[in-house]
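First up is the structure itself, then whatever we jot down about it.
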Amino acid sequence: MSLSNWPLKKEQSKAHNIKSTKQITIPDGLWVKCFDCGLLMYSKVLKRNLKVCPQCSYHFQASSNERIDQLIDQGSWEPMDVHLISTDPLGFKDQKLYSQRLKDTAFKTSLQDAVQTGVGTMLGQKVCLGIMDFRFMGGSMGSVVGEKLTRLLEKATQERLPAIILCASGGARMQEGMLSLMQMAKISSALEMHKKENLLYLSVLTSPTTGGVTASFAMLGDLIIAEPKALIAFAGRRVIEQTIKEDLPDNFQSSEYLFEHGFLDLIVPRTQLRSKLIQILHLHTNNN
């Protein structure tokens, strides 16, 4: 090679190296970074640990389908009212029509609304289970959520079964106005009928549980259980501080703070939740 061609060859070699580097790609979703401690881990490692960080025990949000897989005996799940869908009684529109938002969210999540309900077994013990899903419009409680949970509790009362509801919600769904707010009383009324039959209701609060859900069925459990460091509140922290003109503690509205002040009965890590629920169910069954 002549000396005059050497710079050209060098540039071609550099371009080849750059091209080769660009071809190295990492598949989307392969890695997950913990929001709390910053640990970088394989997604499958996180999933295997029930979406709990193996280093700091931070609890990632879990979908309703993941919750069913985590809690219910394999092959025993019988879903209820899967075809119930919300209408748009107010013709509500913000950035888009509410009716279109429902369709878009249903397509994205493969859910019809923000709760799944059904009957299954936990180590052979039959239970009625409702699982709210924060992915569907922030787990907001509209007429379908209220109707599905009410039907679930009525079935539990009729068949004399314990009921468990896993809460994950931003509160009442503003797009349905008063129809959303009335679900608080509707579900609470069904719970009262369940209670009069001396049947067990367990409320499990996950992050976040706020607004009208907190103000109704989330806090009506015979035992109220929460995941660690869950955000549990009615109004937002900033709203309260501006109203009372005082600074709030750093851990205010956390499950640990509420436990210390007597609002919760148990704080149970997700990895132990199934075994703890089974233990409570068996204690209740053996004493009745």
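Cβ coordinates come from backbone N, Cα and C, glycine included.
In three-state terms derived from DSSP, CYS34 (Zn(2+) binding site) belongs to neither a helical nor a strand segment and is classed as coil. The Zn(2+) binding site annotation in Swiss-Prot covers CYS34, CYS37, CYS53, CYS56 and is backed by sequence analysis.
Averaged over the domain 'CoA carboxyltransferase N-terminal' (30-288), the predicted model reaches a pLDDT of 96. Under the heading domain 'CoA carboxyltransferase N-terminal', Swiss-Prot lists 30-288.
Here Swiss-Prot flags 34-56 as zinc finger.
The DSSP secondary structure for CYS53 (Zn(2+) binding site) is coil. Comparing the binding-site residues CYS34, CYS53, CYS56 on other C-beta atoms within 10 angstroms of each C-beta gives the minimum for CYS56. Neighbours of the Zn(2+) site: apart from CYS34, CYS37, CYS53, CYS56, residues of the same chain with C-beta atoms within 8 angstroms of the site's C-beta centroid are PHE35, ASP36, GLY38, LEU39, PRO54, GLN55, SER57, TYR58.
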